[in-house]
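Annotated oxalate binding site per TrEMBL: ASN89, HIS94, GLU99, in sequence order. TrEMBL lists HIS92, HIS94, GLU99, HIS138 with the feature Mn(2+) binding site. As annotated by TrEMBL, domain 'Cupin type-1' applies to 49-178. Marked as signal peptide by TrEMBL: 1-20.
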Amino acid sequence: MVTMKLVVVLMMTTVVAVCARDPELTTDFAVPVGMNASTGDFFTFTGLRNFSAAPNTFGSKKVTNVEFPALTGLGVGMTLLEYKPNTLNPPHIHPRGSELTYVMTGDLDVGLIDSANKLYSAQLQAGDLFVFPQGLVHFQINMSKKQSVRAISAFGSSNAGTISLPSVGILPSALKIEHYYA
């Protein structure tokens with residue numbers, strides 16, 4: 001009886017693990033019902049043109065399979081990020097995909113907190129990359145009082161999802177949000 005319960009638990013765990021990722025395609029690409037993929041336009045996304053965050057804010061423009069249906073089933077997504085001076089992308093997680101951030105302009109302070117509650121932080125410059133493993137709490141801060149930062153984040157999912165966390169009590173005292181809004 002114990003063996004049978006163990007088998008059932010293992011089977012359920014396997015089902016949950018399989019459902020927690022993007023489905024694998026059995027074709028070259030997936031075309032959602034009602035869409036036409038007869039030209040290169042299907043594989044082109046122009047929604048990032050002229051993107052700019054509002055003054056004095058952090059802004060982002062995500063590109064998932066919702067905004068760009070050609071990503072469906074391909075296991076990739078991205079976001080264009082702009083951090084106006086002295087702004088923060090608050091602590092959050094991506095439950096369905098890891099994030100790889102590339103800094104295009106400016107300097108960006110980043111950090112992640114692992115499951116042992118250990119902080120890993122870095123100061124990135126233009127041209128640097130930082131990876132945030134799937135499901136771990138992380139944040140980014142532009143500490144400059146004058147220069148904006150632009151970055152691109154690539155995701156290992158066509159819809160990594162974002163769950164924002166309250167910023168109070170999450171960041172270590174050396175990185176408290178109020179230090180950046182003085």
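Glycine is no exception: its Cβ is also placed from the backbone N, Cα and C atoms.
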Could you measure between ASN89 (oxalate binding site) and HIS138 (Mn(2+) binding site) for me? Cα positions, answer in whole angstrom.
9
When you average the Cβ positions of HIS92, HIS94, GLU99, HIS138 for the Mn(2+) site, which other residues in that chain have a Cβ within 8 Å of that mean position?
ILE93, LEU112, PHE132, LEU136, VAL137, ALA160, THR162
Within 10 Å of the Cβ of HIS92 (Mn(2+) binding site), how many other Cβ atoms can you find? Include all protein chains, please.
18
If one measures from the C-alpha of GLU99 (oxalate binding site) to the C-alpha of HIS138 (Mn(2+) binding site), what distance in angstrom results, rounded to a whole number?
10
For HIS94 (oxalate binding site), nearby residues of its own chain (Cβ under 8 Å, 6 or more apart in sequence):
PHE132, GLN134, GLY135, PHE155, SER157, ALA160, GLY161, THR162, ILE163
